Amino acid sequence: MLAYLCHLRRLDKCYAVHDGTIENYAFKDFPGATDRFTLAEFSSSTVFIKEAGRSFLPSSVNRLSRDTWPAENTSTMTSISDEEKHYSTADPYAAGSEPEKLGSNTYDVSEKNDDSLGHHVEREVNEDHVFHDHGDGHTQRNLKSRHLQMIAIGGTIGTGLFLGSGGALTSGGPVGLLLGYCIMGSVVYSMMVALGEMCTLYPVSGAFTHYAARFVDPALGFALGWNYWYSYAITLPTEITAAAIVISYWDDTTNVAVWISIFLVVICSINFFGVRWYGEMEFWFSLIKVIAIVGLIILGIVIDLGGGPNHDRLGFRYWKNPGPFVQQNDIPGAWGRFLAFWTVFVQAAFSFLGTEIVALAAGEAANPRKTVPKAIRRVFYRILLFYVGGILVIGLTVPSNSPELLQPTGQAGTAAQSPFVIAINNAGIKTLPSIINAVILVSAFSAGNSDLYASSRTLYGLACDGKAPRIFRKCTKGGLPIWCLIITVMIGPLAYLNVSNNGTTVFNWFYNISSITGLLTWWAILLTAIRFYAGIKAQGIDRSLFPYKAPFQPYFSYYGFVMLNLIILFNGYPVFLAGNWDVQNFIVAYITLPIFAIFYVFWKVLKRTSFVRLHEMDFETGRRELDEMDVIEAEKAGGEPTTWYGKIWAWLM
């Protein structure tokens with residue numbers, strides 16, 4: 001990227017050098033323009049003009065054509081030295097001389113905050129690869145590759161697998177459980193690879209809310225961002241409460257409010273210490289969960305083959321009795337079995353929520369062009385190994401009619417209701433249930449930690465895009481969006497509502513209303529991806545040049561989009577069955593849809609936004625500085641590892 005000072009005598013045109021080619025730009029509607037402008041080339045198709053003391057949006061610059069430097073031009077153009085900051089009167093083109101590139105990684109570009117385009121441009125790129133600087137500080141890229149890898153893993157392993165899968169087994173039976181999680185896993189994978197391609201290309205704070213505004217409609221980015229913030233902000237007290245309830249497995253005498261207070265303070269402390277602390281804690285939390293689920297899968301296989309203390313060889317016994325499927329509401333025949341499968345399908349969707357958080361973390365990851373694709377590519381193997389492997393073992397070792405299983409309507413539970421613990425107890429193995437309860441506690445705590453991170457960074461991204469009050473742009477010197485954290489932490493004490501019975505009813509309403517937002521987030525991501533790929537095709541862009549190219553696109557995105565439409569529309573189907581009508585359950589299942597629509601219409605009317613046309617999509621802004629980062633990070637890395645253990649670590653992390 002080059003930055004130059006133009007001394008203009010002809011104010012109707014400006015010329016900039018891009019990769020040795022002189023490009024011609026026209027000025028228009030510059031009231032009070034003088035003859036001196038600073039040109040900063042931020043990308044291959046966007047030039048930012050900054051007059052002394054004033055800034056102009058790129059939308060005021062109309063790119064005309066690539067041209068040769070006109071002989072009649074009397075302008076001089078010289079590079080701006082970061083140290084001297086003086087104007088040169090020499091003509092750099094005399095005697096065929098070339099302009100001099102800047103010697104550092106800092107570029108003076110004007111801030112863009114154009115709601116009509118639905119995205120912002122970060123004003124400074126420095127040696128630490130910081131992207132946001134609005135005079136209020138900025139986030140920093142302090143997440144290492146191993147942090148990002150484990151955050152991606154942590155998003156796929158949680159209480160939904162260790163505990164909630166028991167309720168799904170009760171709903172659908174072992175085969176219904178396996179099919180539901182396999183198909184839902186493919187839907188999640190279709191979403192993640194599409195999101196991975198976008199966030200590798202543009203790793204910014206806000207991630208998918210930014211992409212929705214950039215490639216679909218700024219109003220969609222507004223609605224998605226605020227609903228996503230609320231969803232994870234209200235989930236924070238839910239996970240804190242779940243962690244406190246898990247403690248009751250060991251201690252049922254201490255008031256739950258005490259444990260809620262402890263967990264709330266610890267989670268807040270981790271996040272207030274900064275993103276590096278968050279990444280480090282998630283690394284160890286996720287490592288514990290990975291070791292636990294791998295160990296449980298191996299143990300489950302041993303139990304199924306008769307290796308437990310009781311030497312009872314189970315095989316596929318529970319697939320025969322009580323059977324592979326459960327009949328939903330005692331509805332006979334294939335229809336009852338299909339409804340049971342669909343119930344599992346919806347429950348599986350909620351179990352996978354949180355996998356998209358890695359895209360938010362990409363905005364604070366070092367060398368995202370390298371680390372993000374690695375994390376995304378391995379989502380498939382993690383889903384296949386951890387979820388499909390774990391679900392298969394559960395269906396083989398626990399009967400679907402076990403009264404000890406967590407019921408589908410349960411809000412929280414302890415290790416006693418985990419299907420893994422039930423299988424272990426049935427096999428006559430002692431001690432392990434307490435260890436599994438500890439893993440469930442870690443999972444709930446990790447989820448709360450990630451909830452606070454995800455919601456605060458979403459709010460920060462909204463503020464950077466001009467869709468939230470400017471105060472939420474404020475960051476500390478360490479890169480912490482301080483006010484975003486403070487306002488989100490204030491939601492945490494709602495966990496105390498769960499201490500009383502009346503409060504629990506109120507809180508469950510707040511939580512249940514927000515739960516469908518996770519599915520709407522995936523829906524919006526896939527809609528954005530479909531538009532993203534359509535825009536690429538319309539503009540003739542070669543995806544093979546991208547740092548990560550998602551497989552099977554755009555067809556994979558269409559598949560996931562259709563499936564999510566069906567899940568969202570029919571997630572509350574039980575209320576429509578004969579004799580099952582319940583107003584409260586109907587509202588819980590569908591109230592989020594009109595709320596999302598209200599947010600969308602509000603911003604569309606307020607800002608008069610328009611649907612982004614394919615040929616108007618901006619695929620350049622924000623890419624060039626990443627190219628610079630690639631070179632710098634490659635130099636820092638010093639090449640590929642040569643030792644066998646170094647290669648193994650590089651493959652893992």
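The chain as shown is numbered from 1 upward.
Using the three backbone atoms N, Cα and C, a Cβ is placed for every residue, glycine included.
The model shown is predicted, which means the values in this text are computed figures rather than measured ones.
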Annotated stretch (region 'Disordered', per TrEMBL) among the listed ranges 72-105, 140-173: 72-105
For the transmembrane segment (175-195), distant same-chain residues with Cβ under 8 A (at least six beyond the ends): 165, 168-169, 207-208, 319, 324-326, 337, 340-341, 344-345, 347-349, 351-352, 355-356, 359, 376, 379-380, 383-384, 387-388, 391-392, 394-395, 400, 522, 525-526, 529, 532, 550-553, 556-557, 559-560, 563-564
Intrachain neighbours beyond the transmembrane segment (256-275), with Cβ under 8 angstroms and 6 or more residues off its ends: 139-140, 142-143, 236, 240-241, 243-245, 247-248, 281, 364, 445, 448-449, 452-453, 456, 478-480, 485, 489, 492-493, 495-496, 498-499
Arithmetic mean of per-residue pLDDT over the domain 'Amino acid permease/ SLC12A' (147-615): 85
